[in-house]
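Input: a single structure, listed below in structure tokens.
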Amino acid sequence: MSNVRVSNGSPTSERRDAKQAEYPKPSACRNLFGPVNHEELTRDLEKHCIDMEEASQNKWNFDFQNHKPLEGKYEWQEVEKGSLPEFYYRPPRPPKGACKVPAQESQDVSGTRQAGPLLGSQANSEDTHLVDQKTDAPDSQTGLAEQCTGIRKRPATDDSSPQNKRANRTEENVSDGSPNAGSVEQTPKKPGLRRRQT
């Protein structure tokens with residue numbers, strides 16, 4: 001290490017140690033503009049929200065707080081729910097990390113589901129809303145955390161031995177012809193492209 005050349009711009013280890021002892025390093029989280037005045041911040045936010053509401057009210061001549069049209073350049077008409085595309089009135093999707101708890105679904109120890117959620121037109125009926133599911137029994141909320149951890153995409157296997165990526169098969173099992181003996185499925189290989197030698 002005696003042949004290592006240290007550039008003149010970098011401080012020696014003695015100077016670095018002395019600097020660290022004199023000036024303790026401040027925390028990485030610093031307040032650059034002084035203490036936060038939460039009351040002023042709240043007032044500014046409320047004022048900004050009111051300004052945005054007024055701007056959108058003037059732009060669209062619609063009172064968004066009371067859900068009523070106003071006089072102006074746009075003419076608002078009430079439209080029936082059935083004449084709109086489905087995405088305007090369907091319930092919003094839960095976030096990706098959220099737990100899905102379908103109604104009346106039970107699960108056994110191995111992780112297999114007993115009843116699944118409604119699919120297709122059954123799930124999109126007008127009577128089915130997220131609000132209705134929330135107003136069910138309050139004791140269903142207690143099992144929510146337990147169900148979130150218990151639901152699996154794949155059922156648990158009964159076999160405790162690890163699965164091999166490639167199954168070992170003997171010629172006896174293959175030639176046996178019985179369905180149980182050679183039940184392991186093998187992926188066919190792609191035929192290699194062979195060049196003609198001329």
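Backbone N, Cα and C atoms are what each Cβ position is placed from, and that goes for glycine too.
Features reported for this protein in Swiss-Prot:
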type: COMPBIAS; residues: 1-12; note: compositional bias 'Polar residues'
type: COMPBIAS; residues: 13-22; note: compositional bias 'Basic and acidic residues'
type: COMPBIAS; residues: 104-113; note: compositional bias 'Polar residues'
type: COMPBIAS; residues: 126-137; note: compositional bias 'Basic and acidic residues'
type: COMPBIAS; residues: 175-186; note: compositional bias 'Polar residues'
type: MOD_RES; residues: TYR74; note: phosphotyrosine
type: MOD_RES; residues: TYR88; note: phosphotyrosine
type: MOD_RES; residues: TYR89; note: phosphotyrosine
type: REGION; residues: 1-30; note: region 'Disordered'
type: REGION; residues: 51-91; note: region 'Interaction with CDK2'
type: REGION; residues: 87-198; note: region 'Disordered'
Margin query: Suppose we draw a 10 Å sphere around the Cβ of TYR89 (phosphotyrosine). How many other Cβ atoms does it contain, all chains included?
Written below: 12
Next item on the list: Could you say which of the modified residues TYR74, TYR88 has its Cβ with the most other Cβ atoms inside 10 Å?
Entry: TYR74
Check: Does DSSP give TYR74 (phosphotyrosine) helix, strand or coil?
Finding: coil
Item checked: Model confidence over the region 'Interaction with CDK2' (51-91) (mean pLDDT, whole number) -> 90
Checklist line | TYR89 (phosphotyrosine) and TYR74 (phosphotyrosine), distance between Cα atoms, whole Å | finding: 23
